Amino acid sequence: MNPTELDSDVFAQDVDNQKARELREMLNTQDFVFAPGMYHALDARLAEMTGHDAAYMSGYSTVLGQFGFPDLEMVTMTEMVENAKRMVEATNLPVIADCDTGYGGIHNVRRAVREYEKAGVAAVHIEDQTTPKRCGHIAGKQIVSREKAKARFEAAVDAKQSEDTVVIARTDAYGSSNGDWDEHVERGRIYADAGVDIVWPEMPNPSREDAVAYAEEIHETHPDLKLAFNYSSSFAWSEEEDPLTFQELGDLGYKYIFITLFGLHSGAHAVYEDFKKLAEQDEEGQFDLEQRYLDHPTESHHELSFVSRYQDIETEFDPEARRRIEESEGFSEEQADPITSNDDD
């Protein structure tokens, strides 16, 4: 057979993106969908335990939390997809993932969308910065031309293997070295016409006026367009006289709201304080931590990791597993409480 007779789109697969359908349903029926930013599987599970709508794999959180790097596109597409896959497998929530600029040209963008879909991600966001990109709140960012950006988003939409997968287009025009407010708004219109599901206008500060103005201006021409809002961890929201509320943003049409580095800041602050106490007070640091996590939903790392389920699977297939569990010490369904030396034998 001649190679020209083969199906040339062998890298495309039929993907049934159930989580994307769930996300779309929430976007269409709720005032807004909120997802805290995070970077690892346990955070995704904790988001589900605490009642969130979705889990957001933040790019900055991933590169800092997993690699210790700044958000300067120093991590590859495959590394990002692998992290997203781990999060997808750890939760029943829809996972929304940072796809940066698509990691190169048109072919890279298309591959990135498909790899994220195969990993089980419900939505991806792609931005219009030049490559390598940087966090939207690190000085020095530039945007590609309108033509290149439009092609990038059209390629992303066309590459979808499931019609349900949500594509979010981010524009960094406002605050970039070669953009301005008018470009910010016009690019949102261009990207909407390119077929994306949601437009995310990255803002350089927590201005209420800018958020309101953007929604009003773009909805003059695209009244049904859904917007995304980054309630950014780079901003001091608590110091604003009248900070935007999630409900206000939802009413303006910002249907997807997220805090990019919430999980990282929450974790880093807690770990720093506890490590510091441990360094200064030795075992008292452990005692203090125990007083806070005992009888808390996060008390047992065994329960957080579903050890009982894995033990059940083990006993189903290994005839000796039940005997070993019953005759040895350690966590089991019969011994699930934290271990002390006073436990009865």
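In case you wondered, yes, glycine gets a Cβ from its N, Cα and C as well.
Per Swiss-Prot, the substrate site holds S58, G59, Y60, G136, H137, N230, Y231, S232, S233, S234, T260; the candidate it also names there, chosen from R86, R110, R170, R292, is R170. In sequence order, P70, D71, C135, T260, L261, L264 are the residues of the chain that are 6 or more apart from Y60 (substrate binding site) and have a CB within less than 8 Å of its CB. Annotated substrate site S58, G59, Y60, G136, H137, R170, N230, Y231, S232, S233, S234, T260; additional same-chain residues within 8 Å of its Cβ mean position, judged by their own Cβ, are G37, C135, E202, L261. Across the compositional bias 'Acidic residues' (328-345), DSSP assigns 0 helix, 0 strand, 18 coil. Between S58 (substrate binding site) and D98 (Mg(2+) binding site), the C-alpha separation comes to 6 Å. Note on the binding-site residues S58, N230, S232, S234: the fewest other CB atoms within 10 A surround the CB of S234. In this structure, the CA atom of N230 (substrate binding site) is 12 Å away from the CA atom of D98 (Mg(2+) binding site). For D98 (Mg(2+) binding site), the same-chain residues 6+ apart in sequence whose C-beta sits under 8 angstroms from its C-beta are M57, S58, G59, T62, M80, V124, H125.
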